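Report on the structure given below.
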Amino acid sequence: MKAARFVMRSARSLSSAGLVPREVEHFSRYSPSPLSMKQLLDFGSENACERTSSAFLRQELPVRLANILKEIDILPDRLVNTSSVQLVKSWYIQSLMELVEFHERSPDDQKVLSDFVDTLITVRNRHHNVVPTMAQGIIEYKDSCTVDPVTNQNLQYFLDRFYMNRISTRMLMNQHILIFSDSQTGNPSHIGSIDPNCNVAAVVQDAFECSRMLCDQYYLTSPELKLTQVNGKFPGEPIHIVYVPSHLHHMLFELFKNAMRATVEHQENEPSLTPVEVTVVLGKEDLTIKISDRGGGVPLRITDRLFSYMYSTAPTPVMDNSRNAPLAGFGYGLPISRLYAKYFQGDLHLYSLSGYGTDAIIYLKALSSESVEKLPVFNKSAFKHYQMSIEADDWCIPSKEPKNLAKEKVAV
């Protein structure tokens, strides 16, 4: 316990002083090792070896943490020095230092393996509020100065990589904890957090019902679901893939919330609401899920902003002293959902018809061998990206905001 408190104090003092432990420098020289869904399944198979998994994670997790810590350090000083970002940085340093301690302990000792699981649980819990805390840091930074286009571009680049890094480390920790922890809390049909036979329609239905419950509570009404399945590989059979149901649920829940809100608000004077239509198609390479609504759509000029961390129409949430800030209000739903899709080489796109509705499409890999982690690595290319400037546009482009015609002078 004393050692843990010492590590925590050391991490915070190093972070606040702008210093980087030599362990961060050491592990940042290595590139992360992406795993495929198939490899993750093999790690958790019936013949799974806890020692092998532990040996991999005690090396891989510090590498992933160190790589993203190096990127935090090249962000604007005013952002890095905010209390929120300093707190996140101290969490990452503390977690890295705790994991590195296991390099000095025997991997053949069962007590060490048990302690490693406990440490992973501690790290996972410590990082629980990383997303809202970093988001609060961005808000503090935006409130303190004007964010120029170059910085805005760099922050979008960084946050995509930072949150993808978090998704990946959380995935690895959850797999090991669920498979090797003494407390069996996972689904018995799953391997860790992965369902080898994920029923896509069932996840769609569950995410829809969760969203519908919120919609009913807020609007006292909600649209129905119209679900269509097309199995191009095995016609007529239900669609199953190897995937992480919680990741898919996260994406669908966010998209359904948006679709329902738009539908109810756009059709508030209609006698009935048009259903949200979902089409699930399994092809040879991809699983595609299309969510279509008749919620009026959004203008083209706004579509790109929907995936921006720096743009949100929601009121800014207030964090309490315990740092327990809600995600709602940060406007991170869509960009984080797209990262979940991209994590295993998929994607998420929005196609909107202003005045009619929106199609949201999730693309996932159909084969587990092709579902490979998409991981950020801190190298010369990444460093150069933060040094790039935006060249002057060589096209004459009008303002992206619509003109207020009431203020325009009428030409005589």
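Glycine too: its Cβ is placed from the backbone N, Cα and C atoms.
DSSP assigns M260 (ATP binding site) to a helical segment in the three-state reduction. In the structure as shown, the Cβ atom of M260 (ATP binding site) sits within 10 Å of 26 other Cβ atoms. Taken from Swiss-Prot, the feature ATP binding site covers 254-261, D293, 312-313, 329-334, and the record attributes it to similarity to another entry.
As annotated by Swiss-Prot, domain 'Histidine kinase' applies to 138-368.
Summarising the annotation, Swiss-Prot assigns site 'Interaction with the other subunit in the homodimer' to Y157 (among others). Within the same chain, residues at least six positions away from Y157 (site 'Interaction with the other subunit in the homodimer') with a Cβ under 8 Å of its Cβ are H385, Y386.
The Cβ of R161 (site 'Interaction with the other subunit in the homodimer') lies under 8 Å from the Cβ of I68, E71, P376, A382, each on the same chain and at least six residues away in sequence. According to its DSSP assignment, R161 (site 'Interaction with the other subunit in the homodimer') is helical. Among the features that Swiss-Prot reports, site 'Interaction with the other subunit in the homodimer' is placed at R161 (among others), with the record citing similarity to another entry.
Taking a C-beta cut-off of under 8 angstroms and a sequence separation of 6 or more, W395 (site 'Interaction with the other subunit in the homodimer') has no same-chain neighbours. Taken from Swiss-Prot, the feature site 'Interaction with the other subunit in the homodimer' covers W395 (among others), and the record attributes it to similarity to another entry.
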